[in-house]
Amino acid sequence: ACSSLDVVLAFSLLLWFWLPYCLTQTTPSNTATSKLKVRLAGYPRKHNEGRIELFYKGEWGTICDDDFTIANAHVLCHHLGFVSATGWTHSAKYGKGQGKIWLDNVQCHGGEKSIEFCKSRGWGNSDCTHDEDAGVVCKDERIPGFVDSNVIDAQVDENKVEEVRLRPVVGVAKKKLPITEGVVEVKYKDGWAQICDAGWTAKNTRVVCGMLGFPHERKKNNFLLHSVACTGTEVHLAACPLEFNKPNATSSCAGGMPAVISCMPGPLFMQNSGLKKKLKISTNVRLKGGAKVGEGRVEVLKDNVWGTVCDDRWNLLSASVVCRELGFGSAKEALTGARMGQGMGPIYMNEVKCLGQERSIWDCPVKNITSENCQHSEDAAVRCNVPYMGLETSIRITGGRTRYEGRVEVLTSDPNGTQSWGLICGENWSTKEAMVACRQLGLGYANQGLQETWYWDSSNVTDMVMSGVKCTGNEMALSQCQYHKTVSCQRAAAKFAAGVICSETASDLVLNASLVEQTVYIEDRPLHMLYCAAEEDCLSKSAAKANWPYGHRRLLRFSSQIHNIGRADFKPKAGRHSWVWHACHGHYHSMDIFTHYDLLNANGTKVAEGHKASFCLEDTDCQEGISKRYECANFGDQGITVGCWDLYRHDIDCQWIDITDVKPGNYIMQVVINPNYEVAESDFTNNAMKCNCKYDGHRIWFHNCHIGDALSEEAERRFEKYPGQLNNKIS
């Protein structure tokens, strides 16, 4: 054994290392930044409040409320990623903690980077009991750019084992990603070390595979007796009790070999695995609103309708069950407080208590929901471990002011295998393609896709190597999108190359379907009252042939209430300098087309259509505790704040479909928000709303109104086949 093993720690069970080279001891330098872990705990509580717990010397503990002040609370809330504190609590309001009381008589000024830099009696020096545990209430507003907050973290000391990797045994496998089998190696101090397979179990393999982004282990080896004590539910190998090779040991792995494992990849990652049998994944659980593959708000399907999960007692064990059943590894993070945006519709589960071995979250104990104890502001989310695919190595952005923006350059290989960087033709480059580029770069959502990038001309790369790129928006890399086999670009100069502006957060608009159903009616409106509407192209084409100002148009009217349930404000793509003034109605248009209104027949053909220019994007009203930011009066800023909604009442111009030429019958009414993807959103699948519609020539009825992604595939198929069944209002 190497002499530096004298510094290796001893833990509780056997884990022997094969050492590729000597490990060296490093001493951390003293810096002004803090690595102290802080979390909010207790019950009941919201995501922005709770008992304060600190992770110190490998153990979670609390803070005593003696001499506690709002300044202390400010420091702690900042540490957690909130802009400030609104209050603090004493006398264990959120329940009594366990273990150590780490700090007492804490006195902060309010500007400290961490609570550890404030005056106190010192770590572990306290005369308090857990009846005096302090808590904080943080303002529910995030520090811009703050990442990895509100995370329920793995409760392990990751200094034991920092990283785990698989080293392929077969040389060919090194070129194929993801790596699904090989020798298990762990990063320890400054080196990589192998693990002895004596006593290695399938449960240990399950933990390692989960860390590496794989849902299951493959039955590869027959193992001997227990010598590493993973239970199989851990999310990190460091959470299993470990014992390192002892100093001066005569044998580093008696009778053993390096541990070799094989993992089963999920369906998204099987293309290079050579495996024929595809893993089945859950059809009644999904992730929504995430920027990256393997993250999002947890939604579950019940009675053909999708709903969310409340975050009370949400933890890594439950999150890992969700991740594995969807074909990913174990959970990297369990997120609370609607950190992946708020859902719509029902909340089905609360206080989920998975043990970690369940095949589905539906197999875990849960508590029934009442409206008093859960709101969509408490929707649970996950970030799952996913296999390393190396996708970010074949793309980069250059010339931008920040790392989130720039001209897109892609890595290509010529027939000789020589690699070089090249540009993408900007023609028809849109938000959808930009979404894929930002995802591939690991930079979140696409804020904008740009067809000209002359202002980012700082690179010596000038050749166009990709054109005709067309993505659905769900791909993991641009190479998975459609594109021309041979480059064809009319504007081939570098200044017309494609660019992106990425963002960690995005808006998410969704229509209130039930309000549409409740407010629908028909109006026969005289032509002399429709001159402005005709000017703004809000009537069907036959109106041009009418005998103005005599006669009328038959209008299908309803209210639209459009909510922003995302994590960023929805703002028009165009700046106010380019908004168009419409004198007829006396307002500015900030978007040419904001919504499409269509009436479709049974085969999907439009029989009538309308469109709604966003003549005024503003906050009509907001959830409790959220302030309005946007209003149209006096050439004000236009937009929709997170947690607010914009209401287009049924009685305003163009809030209709002109059905003058429509015959009686059964139809599907469809509304699509942001139809041209002008403004980036975290989820476009919920932008459409559909209703079954019956028109008898005099009256009209809507029913089964729902958001495009609210129903199961089976229920959506039944809806599309609507044969004209009547509701109880029609005989």
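Glycine too: its Cβ is placed from the backbone N, Cα and C atoms.
In TrEMBL, CYS310 is paired through a disulphide bond with CYS374, chosen from CYS253, CYS263, CYS364, CYS374. Partner cysteine of CYS481, as given in TrEMBL, is CYS471 (from among CYS471, CYS489, disulfide bond).
Per TrEMBL, the disulphide partner of CYS384 among CYS263, CYS323, CYS489, CYS502 is CYS323. Cross-referencing CYS108, CYS138 with TrEMBL gives CYS108 as the cysteine bonded to CYS118, criterion being a recorded disulfide. Taking CYS364, CYS481, CYS489 as the disulfide-bonded residues under consideration, the smallest Cα distance to CYS323 (disulfide bond) is found for CYS364. Counting residues of the domain 'SRCR' (285-385) by DSSP class, helix then strand then coil, yields 16 helix, 33 strand, 52 coil. Cα distances from CYS489 (disulfide bond) to the disulfide-bonded residues CYS108, CYS128, CYS230, CYS364, CYS481 are smallest for CYS481. For the domain 'SRCR' (395-503), the number of residues in each DSSP class (helix H, G, I; strand E, B; coil) is 20 helix, 38 strand, 51 coil. Using CA atoms as reference points, the disulfide-bonded residues CYS64, CYS240, CYS374, CYS481 were checked against CYS77 (disulfide bond), and the closest is CYS64. Each of the disulfide-bonded residues CYS118, CYS138, CYS230, CYS425 was scored by the other Cβ atoms within 10 Å of its Cβ; the lowest score goes to CYS118.
For the disulfide-bonded residues given as CYS310, CYS489, the lowest number of other CB atoms within 10 Å of the residue's CB is seen at CYS489. Neighbour count (other Cβ atoms within 10 Å of the Cβ, all protein chains): 24 for CYS64 (disulfide bond). Within the same chain, residues at least 6 positions away in sequence whose Cβ sits under 8 Å from that of CYS384 (disulfide bond) are GLY213, GLY294, GLU295, ALA319, VAL322, CYS323, LEU326, PHE328, GLY329, SER330, ALA331, LYS332.
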